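Asker: Take a look at this one; I'll ask things after.
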Amino acid sequence: MSDSEMSEFASIVERLERGEVPMKNIERELICPVCKELFTHPLILPCQHSICHKCVRDLLMPNHDDSFSTDAGSESSNPGSPRSRVPSPSMERLDRLVRSGSISSPGWRRSSVTPRVTTFPCPGCQHDIDLGERGISMLFRNFTLESIVERYRQAARAAVAIMCNVCKPPAQEATKSCMDCKASYCNECFKMNHPWGTPKAQHEYVGPTTNFRPKVLMCPEHEMEKVNMYCEVCRRPVCHLCKLGGSHANHKVTSMSSAYKILKEKLSKSIHYLISKEDQVRTQISELEVLINHTEENGQLAERQANEHFERLFETLQERKTEMLRSIEQSRNLRVDRLRGQVEEYQGMLENSGLVGYAQEVLKETDQSCFVQTAKLLHVRIQKATESLKTFQPLATPSFDEFVLDTSKEEILLKELSFGGAPEPPVIDLSRCRVYNEGLIHWRLSEDSLPTDHHIVEFRKLGGEDEEESCWMVTERVYGSSTVVSDLAGDCRYAFRVKSCRNGLFSPCSPEVTFHTPPAPVFGFLFNEKCGFSAERLQLSKRRDSVESMAGMSFLLAAERVQTGSYICLDYIIGDTGISHGRHYWAFRVEPDSYMVKVGVASDCKLTEWFHNPRDTSSPRYDHDSGHDSGSEDACFEVSQPFTLVTIGMGRLFIPKASASAASGEHGSRVLSAPQRIGVCLDYDAGRVFFYDADSMRCLYERQVDCSGTMYPAFGLLGGGAVHLEEFITAKRLSYM
């Protein structure tokens, strides 16, 4: 550091020592995140956060209680109370309790029925803290924080004096506290108990205090050893035994003085930076206060507008409700009146039941003239009553079906009312997308985005004359983060984009991504472990979609006969499904650090003979492929082997020299960077095989191939290497296994 910087740091320290930074301003730094009170005997967790000893114990032992918790917590309850004058429990007693395990979790005792708890989340950062078998005893006490809390308490109870612990009543106010005797004294008592010329005269004393901490920090793992080094890996003080053979044996440590100097310099520099940015902080505070005011005002305005909108909705609904209730009431009154009139009419029929008796008496009349005179009107009355009984029909219906409302659509509209902004657009994850006959599209949202209701995937075909005007096709609603788009045309380019929906509002579309579909339908297969498979040198995955080359015992046993630069054979493996017609495409991935892998197709005409001939790994020139790319073996390739292959190794792709496209080319034109994914297309009917960069669908190499028999996907591995089939290629095959 420069002299100017050192002087600046010195000035900062002086300001702190002079108390220019008030103690009350640091109160929130002295509050335990668990009990929300001032720290009492704080312990430092592995994540560097501090927590009260009592709170750690309570997190591990929620039902445990002892006398120590009462004593330790009494001081933090009320700084001005009489109990605050009583010295806190001895730190030596705390060490003794911690190291003996008497305050450890009951779960660590065999006789206890309390479940064992050794892990808890840090209240400050929520990281899991595992205390292991040693429990609380592995944690350091934060003596620096204890001293700061004590000074804060003294400032808080400045009017309350610390009394001498030795004086006879009445006790005098203490002027000194001895850190060795762990007691406070007035001037006279201190002189009497620390006379000149005695060992006690050498004791360390400070101003009046109730916090007596040990003069040195002891190692929690080796009780008798002082910490004198700092572990840079665990970021904690350690002793020399920890470094020699303890848990920090292989860790990088530094001297305590060096760690002290570095950390103090960093802390001073950070404090200086904060102090130098006071004006900037005040400006930012002012800006934040303005934002708070604007937020409150805008929030109140939004509340008023929302109330107005809902009031209008309520008024409209109330009007419609009143109108409908009035219509129902009018219809009800009209129907009731009609039915009551009909009841009165029939009631009259019951009341005129004497009409029948009267008619019977009229029938007894023998004088014809008198009978006709009386019976005519009587007959009309009886005939009318008879017809009414025969044609009974209520004058009103009791059903009110015409007033039943279907508000389902309105309820949906109300539920879809948006009270927030449009969601953020998703981003399509290119590393997880795969497009073949079907497109598997993955996307992701930003970490701080709100949950969405669903997503919509749009896609369109590119490359036509009216590409810009071609319409986007839309999938159904997707409630996850991926979907499969079906029925894609082969050997075409497609653009995809995604948008999210929340509360009826759609986000902007994601940036478009373009994929090229393969030139032929996908050919699904797995590796065949029954045809020529070498279990000694090849390891097949359980799903049979990955194969890895490993050292073989037979080669090691033949080490005496193998000379430097000897020729060893390739280990071949083929697919379990053959091709006898049509065009087919498959894709795979070769591990980037593979030594040499050959990929292509194989004819069944020579497979049986090839795989059943005995092979000796130590026999030179058994395999015409020597393992290097000289190209000398290409001329007899078709004669000696049933394979048509290209070579991939050490991140490069090698085109065979015998190919027509590279026959006259230089060596450099035959060496390409190996793509991350390789695609193979076999046109059986045309007798040609094509090799593609599966990501860009760029054709890397093609050649004629004899398709007189059944053709199989073929792979050859030499040295360390691995081949993984595309999940999209094997997914349907695996689902039926």
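Any Cβ shown, glycine's included, is placed from N, Cα and C.
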Asker: When you get a sec, could you say which of 66-92, 444-470 is annotated region 'Disordered' by TrEMBL?
Answerer: 66-92
Asker: Give the range, chosen from 194-221, 278-305, 306-333, that TrEMBL lists as coiled coil.
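Answerer: Based on what TrEMBL states, coiled coil spans 278-305.
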Asker: Provide the three-state DSSP residue tally for the domain 'Fibronectin type-III' (422-520): helix first, then strand, then coil.
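Answerer: The breakdown for the domain 'Fibronectin type-III' (422-520) reads 3 helix, 42 strand, 54 coil.
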